[in-house]
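What follows is one structure encoded as structure tokens, with my remarks underneath.
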């Protein structure tokens, strides 16, 4: 029963996640503020919420009982089982952190559009708790990455920690500038896309890349979404800051 629930959630996670990788680009290419931009943005929002929440659920299930998920037939024992538990738990922590990144970025990007200058809704516990959880988990994932020499974990633990700080800083700083909420929306909705593409290349896309790219080069595809997304975000934010005179 436990494994069956996990399998259903994983299937939904993969299907919705795959569709969301495509719908991410629809509001990007649509006319900003137009009907299709808003509608496709909603598609991406709902997809990312489903992907992130299912990601949180399946990773917690792995952390609670790794062998029930990764070895349901109980075919392993001793050192092999221990190694499987270690590997599963490490990547479960990483995927949990990524799921929270996508969840926080998506919810924040949507809420700032609704709230605009009034940030009271951002200061409620349903919004703050996942952000604080990511802030706590990120250093631990970074520790695992450092201990076992996984660059991907080190890089994204730092990014998630910075993301937590940025979210909390915006939520609680004394005042915001006119249209600063628009910059927040842009920055964090792209951040949700970065998290989704990173998860794809690090997990689902890994099997596809295995036949094309050697293991030592796969790390490049894991990091590229963050690098490319970060550069694009910086340029777009700079453009709209100048356009709307946001400091």
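Glycine is no exception: its Cβ is also placed from the backbone N, Cα and C atoms.
Please treat TrEMBL annotations as automatic predictions, because they have not gone through curation.
Feature annotation from TrEMBL assigns transmembrane segment to 6-26, 46-64, 84-104, 125-142, 148-168, 189-213, 219-237.
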Under an 8 Å Cβ to Cβ limit, what residues of the same chain, 6 or more beyond the ends of the transmembrane segment (46-64), are close to it?
2, 5-6, 9-10, 12-13, 16-17, 19-20, 23, 70, 88-89, 92-93, 95-96, 98-100, 102-103, 106-107, 192, 196, 199
Positions on the same chain near the transmembrane segment (6-26), where near means CB under 8 A and six or more residues out
36, 40-41, 43-44, 47-48, 50-51, 54-55, 57-58, 61-62, 69, 193, 196-197, 199-200, 204
Per the Cβ filter (under 8 Å) with a sequence gap of at least 6 from its ends, the transmembrane segment (84-104) is approached by 48-49, 51-53, 55-56, 58-60, 62-63, 66-67, 69-71, 76, 130-131, 133-134, 137-138, 140-141, 144, 148, 150, 152-153, 156-157, 159-160, 163-164, 167, 188, 191-192, 195-196, 198-199, 202-203
